[in-house]
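The structure under discussion appears below in the form of structure tokens.
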């Protein structure tokens, strides 16, 4: 069967001898776009040639499983006379998949080459002039919702790894849990490939089981909400503190210094200019990439015309982007939380259940801007089953001997625990930890993130 737009010279889809398997030949420079619902699994493997998902190259003849995702497999090159191929197992009619040669990958690869050239220039300078060190590119990705910002961040990170660079990936979108849980802001040095089979396509952090990929170790700041507007003052403060941490890492680590920073953001427009301006200042951004919004690029150039060292470029967004509704987003968040504690089909983790006495711990809570006069604070929480059952608690690095909620603003997060039940009569909290052992007696923050096991 030939596919319109690809000519009639090749059989793009063909049945294989195995029951239910379909062979897909992906022409060079084309994409195999896939939409897999939650609770549905797509199994596939690359049989020959080269294929990648947002820059991460897929292994040959290794079965992969993905679920609850809208993604694409890209064929960048052809070996000899073969087409790039994958073999998929179509286990459900709910899976949407099709081939398209309408790809913007060439634009994204060119962007990577520009960023990599900046890294190489900085690296050469730092070798020749060790007393006058420079920093690599600090790239800020901005755009509307559903414009592909996270996909581009993955691609730039994956291609940087292929180029033997070690960038720091910064996630400023609390909706996504990048090597952490939703509600957090993270910064993670990336020196190993991403895990395309994980719930959000990033991978795991250091945890309680052996991993196929090197575990990532992020710095985590707690925001506690998934929408930046629920407490914008707290969001901007935590972004600023994360920026200080990242710049300090660049000062101490020459590999990260040369690799620079890649910053993913929530949906931001010109009305959010103060947020964008703060991010540019906090991370010393020198390259803004605007996805598919020429008006935003023009407005940003006008607003930042006083910053001669700041470059602003626009790249097109993919025509294959699919709108995701709130239900899909929430389900993805739930899957990432579940994976944080339990792992997935390939990586089984060993979470630990225990009871803790609420009187042995100090618990604070995140507050909405509308609830208090000063939104830049955490308030003491009054533990009860109504506000703790099926919730997520953040374990801070502050010992419980500290009694000031203001100190929580300047601390980072050790990890998260899930509260399944609080016994009001006994004052006992039943928690699930991602690691076995004693529960640290540190200050806790009750987030606005709920989860039912």
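FYI, residue positions are counted from 1 along the chain as it appears here.
Cβ coordinates come from backbone N, Cα and C, glycine included.
Worth saying up front: this structure is predicted, and the values here are computed from it rather than measured.
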One of 43, 45, 70, 216 listed by Swiss-Prot as binding ATP at the site of 31, 146, 147, 148, 149, 150, 151: 70
Sequence-distant neighbours of residue 31 (ATP binding site) in its chain (C-beta under 8 A, six or more apart): 72, 73, 74, 75, 99, 100, 101, 103, 105, 320
Residue 151 (ATP binding site) in three-state DSSP notation: helix
Among 146, 150, 151, which are binding-site residues, the residue with the most C-beta atoms within 10 angstroms of its C-beta: 151
Lowest local Cβ density among 70, 149, which the record lists as binding-site residues, within 10 Å: 70
Among the ATP-binding set 31, 70, 146, 147, 148, 149, 150, 151, as the record gives it, the longest Cα-Cα distance in Å: 18
Cβ-Cβ distance under 8 Å to residue 148 (ATP binding site), same chain, at least six residues away: 291, 292, 317, 318, 321
Residues satisfying Cβ distance under 8 Å from residue 147 (ATP binding site), sequence separation of at least 6: 267, 291, 292, 293, 317, 321
